[in-house]
Amino acid sequence: MATAQLRPDAADGLERAARAVLPSSVADFIGGGAGEELTLAWEQQAFTDYALRPRVLSGVDRPDLSVSMLGCAVSLPMAVAPMAYQRLVHPAGELEAVEAAGRAGALTVVPMLSSVGLEEVADAAAGPLWFQLYCLRDREVVADLARRAERAGYRALVLTADAPRLGSRRRDLRNGFTLPPGVTPVNLPHRIGGVPGAPGTGASAIAQHAAATHDATFSWSDLAWLRAQTELPLVVKGVLCAEDAVRAADTGADGIIVSSHGGRQLDRAVPSLHALPEVAEAVGDRCEVYLDGGVRRGTDILVAAALGARAVFAGRPVLWALAAGGADAVAELFAQVRGELQEAMVLAGRSSLAGLDGLLSPRRRERTC
Ligand SMILES: Cc1cc2nc3c(=O)[nH]c(=O)nc-3n(C[C@H](O)[C@H](O)[C@H](O)COP(=O)(O)O)c2cc1C
Ligand SMILES: CC(C)CC(=O)C(=O)O
């Protein structure tokens, strides 16, 4: 697909273009959420609960979009969220997204369940990488992945804490979602790497794999154990309240990603944007605070930054872009978001993301949740 076609409407246009080329079960896996998909819908709606209060005659011509993410200098405060099995949407999988993000000056979180090996991804990357881990029953596998990521040059570890089991994703259950041949969790050792297929059984293969490998007993003491396994900065992903944010900071986390997992885990969970202010206030300068969920355009980044996020992560739009046009389309998505953020900052009279006090006005209407 020619990238010029993507310009008019990056978020929606990319999804349409991707759906035209993807098998419907894969599009459902990407686009779907848990339960009635209420949190999935709320994630994007939450951004419309805020209006911007622009300042005029501020003389802002070229706003500074750069930020440091746990010591990684990036030129855009939007990074790629960890998303499993990217070869589902593009033959080069994670390599393609990492190339585009690097080109755009953005950071990428490579998922534990990548479909290209974590070392191969690191070798190909131009930009900074973090590595994501799930809370697995087999602690030795977790420790070994942490060591491999450190050796390969990843700059931080992200522990996804909101998936003691997989949320009930009804679309995947209905479709009997399976991974096609050649798309496998290559980072995992053989003993836990198999993802059983379930076509026609009404079961989701990835839910079965998570049931066999994720550990719901993983707790704060295990986070302390992981902290002791690595010199890398440690980020906890999936925090949605002040209490857990403080606990994470007390246990040695360096960063927190406020996230509802894109509405894919606990349905009716508070959308991440609504949880962000209490988390940011609770941890102050003790941890770097990030957000994902529903970020689709430059103005979303501005709202999240004004509520306390140092940077944001984008999930589904990157996969839609990857499916629609590979690295070029992902790069185009980043370019579009960069342009939108620059425009919004000039028009709002804000020269940097650190100076957003007084930018937001709550919209006076019923909250959506
Ligand atoms: C297809 C897909 C796969 C995902 N896989 C993972 C994963 O392996 N690990 C993880 O921590 N989060 C995973 N996520 C959640 C994302 O990291 C992120 O929290 C979410 O997509 C953000 O919401 P957004 O899609 O609205 O941007 C996945 C999300 C999608 C859509
Ligand atoms: C394969 C899954 C464990 C990854 C995923 O879909 C998710 O985390 O949302």
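Positions of Cβ are set from backbone N, Cα and C atoms, glycine also.
Automated prediction, rather than curation, is the source of TrEMBL annotations.
Record check: TrEMBL places Q132, Y134, H261, R264 at the glyoxylate site, and the matching candidate among R169, R227, R296, R297 is R169. FMN binding, as stated in TrEMBL, involves P82, M83, A84, T160, K237, D292, G293, G294, V295, R296, G315, R316; the candidate among S66, S219, S221, S259 given for that site is S259. Annotation for G294 (FMN binding site): same-chain Cβ neighbours under 8 Å, separated by at least 6 residues, are E43, Q44, Q45, A46, F47, G262, P271, S272, L273, D300. Counting other Cβ atoms within 10 Å of each Cβ, the binding-site residues H261, R296 show the lowest value at R296. For ligand 1, the nearby binding-site residues are H261, R316; that is, of Y134, H261, R316, these have a C-beta under 6 Å from one of its atoms. A mean pLDDT of 95 is what the model gives for the domain 'FMN hydroxy acid dehydrogenase' (3-366). Proximity of the binding-site residues A84, R264, R296, R316 to ligand 2, judged by a Cβ distance under 6 angstroms to any of its atoms, singles out A84, R264 in sequence order.
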